[in-house]
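As written in TrEMBL, here are the features:
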- 32-52: transmembrane segment (TRANSMEM)
- 58-76: transmembrane segment (TRANSMEM)
- 88-106: transmembrane segment (TRANSMEM)
- 118-135: transmembrane segment (TRANSMEM)
- 147-164: transmembrane segment (TRANSMEM)
- 170-189: transmembrane segment (TRANSMEM)
- 232-250: transmembrane segment (TRANSMEM)
- 262-283: transmembrane segment (TRANSMEM)
- 295-314: transmembrane segment (TRANSMEM)
- 326-349: transmembrane segment (TRANSMEM)
- 361-382: transmembrane segment (TRANSMEM)
- 388-408: transmembrane segment (TRANSMEM)
- 432-497: domain 'HTH luxR-type' (DOMAIN)
Amino acid sequence: MQNSSTHHTGAPETRFDPVLVRTLLGYACHQAFMFALFYMGWNSALAVGGFTFERIDLLITLLAAAVTLMVLRAVALRVRDVLLNRSLMWCYAVLLAIGSSVSLPAEYGLASMVMEGVLVGVPFACMLAAWGRALGARSHGESSRGVLLATAVAAVFTFLLAVVCSQAPLAAAVANLLPFGSAWALVGIEPLLSSERVEENADTQKKPALTIATLLASKEQRVETHRISRKVVGGSVVFGLAGGLMETYASDPGSVATPTFAATLLLLALFCAGSLQVVGVSARRSGSDGEVSRLLVGVYRLSLLLMMTGYLFMPVLEPYGVPGDSIVLAGYLGLSAVLVSLFVLMAKLTGMDAALSFSRGFASLYLGEAGGLALGNVLQVASPSGDMPFGVASCAGLATLFAYLFLFTEGDFLALSHIAKQADRFEDACRVMASKFKLSKRESEILPLALRGRTGERMAAELFIAKSTVDTHLRRIYGKCGVHSRQELIDLGERESQALLSGKES
């Protein structure tokens, strides 16, 4: 998948990109399946003595997915490549379809629930990591807009499916087939994510290769990037905790898991439409990572505003029919879309495989959600009165506010956008050098790889050409740029980037 990072000063050229459309449709299928799996089922409970644990099925699924994501992050690169191989996507789709369709006999109790949760959670996590790689291969602007658009499409589709299911319950089986749409998309776009490229990204974690971040950022900025990355993970845990607490709020054992989910889907679609006005329209004028991350601050703020509004509406307006919990859930799902964009951006800035970034981020989110679900059950049991649901909502609201004020703040978001702008200068410097020194098309493709410190073998694998051809093009680049070595070329790139920063040409 080609990274469309070229900057345009005029109106962008509109062209049909079949790979992008396939990516959006596939990710929409993934999101719609997740909506149906997590929120459209029944509130399965496990009775242990006098204690009834609600949403035990969701808890097990979340834990299975989180553990799988942590394993994907811990295993060696080649093992991870095998697990995320395109041929296995169809196997994961089959497992998800079976796991979401078949219910094991109830007499097996917890064992049957664990088997069902593992059967769904493990392949779901693997496909999620694969989607991290697919989205990470596109530019940050494209992936951010694509995630919001796909989430809106998934919300509308799931809403229509919920309406149909209210009249024809068997129509719910359609949701179980959605993983095949996700697998179809991943299989179609996977050949563009060559194993060499993933291996190249992994190498940047083992040696001080010159990634976008390390080439142009200072040591302090690199430290700041990793600090913000840790804060994103911490914020994900607490945001997940708030989301999990709300899972036990409005549903009773044996009833629909999320009674007001239809309202949530409509609000989520409206949220995504509004967010696209912020990120989509403006980002078409400047698709740089720094600009997109700056615009995402507004989307982040809007999602948290939606969540906090829902918390406030619960005790005040619910007697008048305003479903505060559906507003909170819409904000939480919108926040999840923002986190996806953040995980992609962190992968780009740190040189990390986006599958690793997704694995770490979503493992944190799902562990937090599982912890919140468990805590919500404990609070429900510990309460002697019927007012505890509002107490659960208050705890969730405090957790959300804490994460926003002390973990991943707007200031961190803005600092991240500033670092991304520094990285954008790399692409601008390559463009200026290619124009100034009249590099050919192939030489312009090799230049950024050379500036990032890639070896000749790696560049040959990336561009599917012979190493001798790469060496020939490198010698021509050196001659046109008036340098004699790779280090001199890198120094020239640094001078060009500094000239762009100061607004003058070197």
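We number each residue from 1, going along the chain as drawn.
Cβ atoms are placed via backbone N, Cα and C, with glycine included.
Taking every listed stretch (32-52, 58-76, 232-250, 295-314) in turn, the largest tally of C-beta pairs under 8 A with the transmembrane segment (147-164) is reached by 32-52. Comparison of 32-52, 232-250, 361-382 by number of C-beta pairs under 8 angstroms to the transmembrane segment (58-76) places 361-382 first. Contact between the transmembrane segment (262-283) and the transmembrane segment (232-250) is not supported, since fewer than 3 Cβ pairs fall under 8 Å when only residues 6 or more apart in sequence are counted.
The largest share of C-beta pairs under 8 angstroms with the transmembrane segment (388-408) comes from 232-250, of the ranges 88-106, 170-189, 232-250, 361-382.
The transmembrane segment (170-189) makes no contact with the transmembrane segment (326-349), as judged by fewer than three Cβ pairs under 8 Å among residues 6 or more apart in sequence. Sequence-distant neighbours of the transmembrane segment (88-106) (same chain, 6+ residues past either end, Cβ-Cβ under 8 Å): 33, 36-37, 82, 112, 115-116, 119-120, 122-124, 126-127, 130, 173, 175-177, 179-180, 182-183, 186-187, 190. Long-range contacts of the transmembrane segment (118-135) within the same chain: residues 1, 23, 26-27, 30, 34, 37, 60-69, 72, 80, 83-84, 88-89, 91-93, 95-96, 98-100, 143, 146-147, 179, 182-183, 185-186, 189-190, 193, 198, 340, 343-344, 347, 353-359, 362, each at least 6 residues beyond the stretch ends and with a Cβ under 8 Å from a Cβ of the stretch. If one looks beyond the transmembrane segment (295-314) by at least 6 residues along the same chain, the residues whose Cβ comes under 8 Å of a Cβ in the stretch are 144, 148, 242, 267, 271, 274-275, 278-279, 282-283, 322, 324-332, 334-335, 337-338, 341-342, 390, 393-394, 396-397, 400-401, 404, 410, 413-414, 417. Each residue in the domain 'HTH luxR-type' (432-497) gets a DSSP state, and the totals come to 51 helix, 0 strand, 15 coil.
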